[in-house]
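*Asks:* Attaching a single structure in structure tokens format; questions to follow.
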Amino acid sequence: MPAATVDLSQRICEVWACNLDDQMKRIRQVIRKYNYVAMDTEFPGVVARPIGEFRSNADYQYQLLRCNVDLLKIIQLGLTFVNEQGEYPPGTSTWQFNFKFNLTEDMYAQDSIELLTSSGIQFKKHEEEGIETQYFAELFMTSGVVLCEGVKWLSFHSGYDFGYLIKILTNSNLPEVELDFFEILRLFFPVIYDVKYLMKSCKNLKGGLQEVAEQLELKRIGPQHQAGSDSLLTGMAFFKMREMFFEDHIDDAKYCGHLYGLGSGSSYVQNGTGNAYEEEANKQS
């Protein structure tokens, strides 16, 4: 299979409250032929650490994720659609959903907001024209994109990304126990390939998404640290890696459903002493 490529005529569609319904109709059509969905989110950093005793480092990392996702709001979601051959839909391949976010009322980490602002995110527009998450969830649940075993999700170091999606889809805080989180995850997203987890089997690949893309000689489209561009690059990286390192076949038993840094696949540092939360919150994706 040729390496997955996207020419510059492919474009990212910006979605706000005013065009959400129309764009979700388009996605319902696209998902029928392009059933690989590369995903990324942007969120306002990490503002809290859990306190108390934890059964393991993995438990600490999940509780860190849970307390921050429960406290904070998603800012952007990027979805890129690809078919089995690594081909993108003609015209629009990527949708960037911009959610309601208010810098006066909502919690955030200052360094994360500064990074996102410098990347071109327009917080005033998010406040005035952003999508309500509850209405998005209603449309998303019936889109054919979630709850479908035929849809394959592609992500990069995505514990927080899926955490925010589960919070939106369930309209509730994340479960207290990590095993329950993974049960809900499998319900909504039965097939997931986390590119960062796949990298464990790819000799010499290292770093964040941008660094990996450069090693794979992929060209980014759109601004870094925006969810649409990052989801597009995630999809490109997956198909290039599948070709180069996996002979165009991913072993589901070994790789499907694992999120880098969570569960038995945890690659985080010692409990409470490292910068794992900073790596995830400020990941180059």
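Using the three backbone atoms N, Cα and C, a Cβ is placed for every residue, glycine included.
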*Asks:* Record says Asp40, Glu42 bind divalent metal cation 2. Source is Swiss-Prot. Which of Asp180, Asp194, Asp230, Asp248 does it list for that same site?
*Replies:* Asp230
*Asks:* Using all protein chains in view, find how many other C-beta atoms are within 10 Å of the C-beta of Glu42 (divalent metal cation 2 binding site).
*Replies:* 27
